[in-house]
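Copied over from Swiss-Prot, here are the features:
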DISULFID  C234-C236  disulfide bond
DISULFID  C268-C271  disulfide bond
Amino acid sequence: MSDLPDTDFTQRFIFDERDVRGEWVSLDDSYAAVLARHEYPQPVKVLLGELMAATALLVGAMKFDGLLILQARSAGPIPLLMVECSSEREIRGMARYEADQISADATLSQLMPDGHLTLTIDPVKGQRYQGTVDLDGANLSECFTNYFVQSQQLNTRFWLNAAGGKARGLLLQQLPRDRQPDDEEREDSWQHVVALAKTLKPEEWTEGNETLLHRLYHEDAVRLFDIQPLRFNCSCSRERSGNALVSLGEHDAKALVDECGGTVEIDCQFCNERYFFDASDVAQLFAGGGTDVASETRH
């Protein structure tokens, strides 16, 4: 089978003779769409791309119907990185940063000191799950590896890369005991697949996924599953923005319009879409007329 063209997808794979599974992610267009909406400094672009790759890997690895949200927060130059990806594999991301405090060669600990990582699963049905851990690692790959070793108690490794407008990621995880009942054999097998993944060079990340996996594991029986496409999509809308005004109450919403000189502007932090509401729009919202009239948006 030939390599897939550059696109956006996740692809699961499994080692037929080992208790190990893997997941690969490639993000080109969706990552480019996020970067096109903001003028992020290079270190922010890299971290946001890596977080997007990690989020897509987790959506590909988990079984749920809903939304997965990853947030990395700190009191440093990058106070927030946030990525959302739905079970339909629609992804968006954003960052907040202090441009004058960011240097090109800054490390993760310098950009996000005393940071923490929060994973939220918001299912369509059922209870919301949220877990938070410290950003414990020299880079995001190490942080996610440490997170999942703590939470799932299964050997797990992440490799994340964002460069040249492309984001990539590789996840390896040891499966529960099945094909290899012997403890020593299981550990040797795990160390084998990890050691080969560690040989990945920065310039190899943008090669075709099948070429790369074959190069790493050509001596193993690796079975690839069907790809799962991803795409950028922002869930903001004029209706949601109008609902935010309604939640303020009629008196406060009208007062806000007056304070803003006659027009309230609501900006989407993800896609930079801007929604405008004047006094007549707000009156219509509370009269039950919805958001159909004067539905002006700007980029």
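The backbone N, Cα and C atoms fix where each Cβ goes, glycine too.
On the backbone, the CA of C271 (disulfide bond) and the CA of C234 (disulfide bond) stand 7 Å apart. A gap of 9 Å separates the Cα atoms of C234 (disulfide bond) and C268 (disulfide bond). Cα separation, C236 (disulfide bond) to C268 (disulfide bond), rounded: 7 Å.
Cβ-based neighbour count (10 Å, all protein chains) for C271 (disulfide bond) stands at 20. Other Cβ atoms within 10 Å of the Cβ of C236 (disulfide bond) number 19 in total over all chains.
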